[in-house]
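Chemist: Pulled from Swiss-Prot, these are the listed features:
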- Ser145: active site, nucleophile (ACT_SITE)
- 32-47: compositional bias 'Polar residues' (COMPBIAS)
- 101-301: domain 'PNPLA' (DOMAIN)
- 23-49: region 'Disordered' (REGION)
- 105-110: motif 'GXGXXG' (MOTIF)
Amino acid sequence: MHRVRNKPVKSTATASVKHLIKQRGGDGATAASKSANDYNNNDSLLTDMQEPSIDTDKLSYEIFSILESKFLFGYDDSKPEPANSVVAGSIKNQRGKICILSIDGGGMRGILPGKALAYLEHALKSKSGDPNARIADYFDVAAGSGIGGIYTAMLFGSRDGNRPIFKADDTWQFLTRNAKGLYGGAGILKRVLRTGSGCCSGTAKLKKVMKESFSELTLKDTLKPVLIPCYDLKSSGPFLFSRADALETDGYDFRLSEVCRATWAEPGVFEPVEMKSVDGQTKCVAVGGGLAMSNPTAAAITHVLHNKQEFPFVRGVEDLLVLSLGMGQLLDVSYEYDRIIKWKAKHWARPAALISNDGAADTVDQAVAMAFGHCRSSNYVRIQANGSNLGPWSPNMDTDPSGSNVNMLMGVAEEMLKQKNVESVLFGGKRIDEQSNFEKLDWLAGELVLEHQRRNSRIAPTVAFKQSVHRADQKTSDKDIGVTARER
């Protein structure tokens, strides 16, 4: 379970106010001196009781505007001294950026972020000149929920402690290869209504596939920090599987095969997972991560900002570079009133789950965009489908393994990459960007490669990952070897 490490953040609002007063020059000091003399002169007391001057009102207004902007919108003085600007830029370059990958939860729609990951990995190979480049080489932290959690384990899990097991193309292919075994040919809703249980056969298939993929690997066998959520029925609360916690104690180290099953154990689709840590001390009865955290971006950002042990030089969101991959807003053609007014509880089950998950994910997107403020466009990228011309869509598209649904989702994935990127705007809803999602991913790949190259020339390492000692028998006897890890 992930424990947040809190540390007070020093505000710079006071410095901004002092800078503004200083810009006003000696006027403020002269006024203060004159006021002191007036208090020693009884004839001046009436003057002190007069209404404030227009200049004083203006100064007060500007000061309070700075304070308001700082604490509400992350304001920074827009006109610092030129020399200080150069120094600040140099220091920021030395700090570098922590690169974060976040993947939303979902079912068959996981084909969409899988295709985006495949394109990004291709772009990384092209821009770096390294044909063996992998997603894990360029990201410092990865978080995934549901199918996104499985993708995270696939891209960052390692058998040799050096290279990841899977390529980005393996993610979406995992879904297309195993769809019928996981969801069955008849469709989950029909099976539930006919037999009363739609999850036994899918659970057996998921357990088999995860065991084949990860064997006895645990959270310690991931190359970088990973965060994968589930909902723990035992404690009635979210449970966040974390590599950082696993390296601290075996009581928080779990097998990756069980972690993946836990985060994807959507009620009614797959059975809950009863699991325990490798030392048997921590127990959990898990259902899907989407119930607790359909969009884990905020959890990943919080992990970095409060983890000074592994990310010692991070000062704020301006030191982050975040890619968040969503499942897409595709249900824009359904739900006519005359139709849904006749629905019973069984008809609402799947649509309600989709609305809840997508709504929660969108809320996190809005909140994260607000947190980044003025550096949103340069430090935070959200990629997901924004509608599609290939519908109409069924509320059961996440659990429909049919060839027609798979082919449609493959087409939507290609359409998504060509669509204009959509950004969340502070208090302003959504804004269509000039760049397409293809172009955004190309730009991001360039930034990731540049950050990777700069780390070799910095005075101090940007990250200081606690390392796990790899053992040939894949068991979990690990220790902190005190190594400061530069990027692979």
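Any Cβ shown, glycine's included, is placed from N, Cα and C.
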Chemist: Non-local Cβ contacts of the residue listed as 'active site, nucleophile' (under 8 Å, 6 or more apart, same chain)?
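Modeler: Listed in sequence order: Ile103, Asp104, Gly105, Ile228, Pro229, Thr263, Gly289, Gly290, Ala292, Met293, Ser294, Asn295, Pro296.
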Chemist: Calculate the per-residue pLDDT averaged over the motif 'GXGXXG' (105-110) and state the result as an integer.
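Modeler: Value for the motif 'GXGXXG' (105-110), mean pLDDT as a whole number: 91.
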Chemist: Would you list the DSSP helix, strand and coil counts for the residues of the motif 'GXGXXG' (105-110)?
Modeler: 3 helix, 0 strand, 3 coil
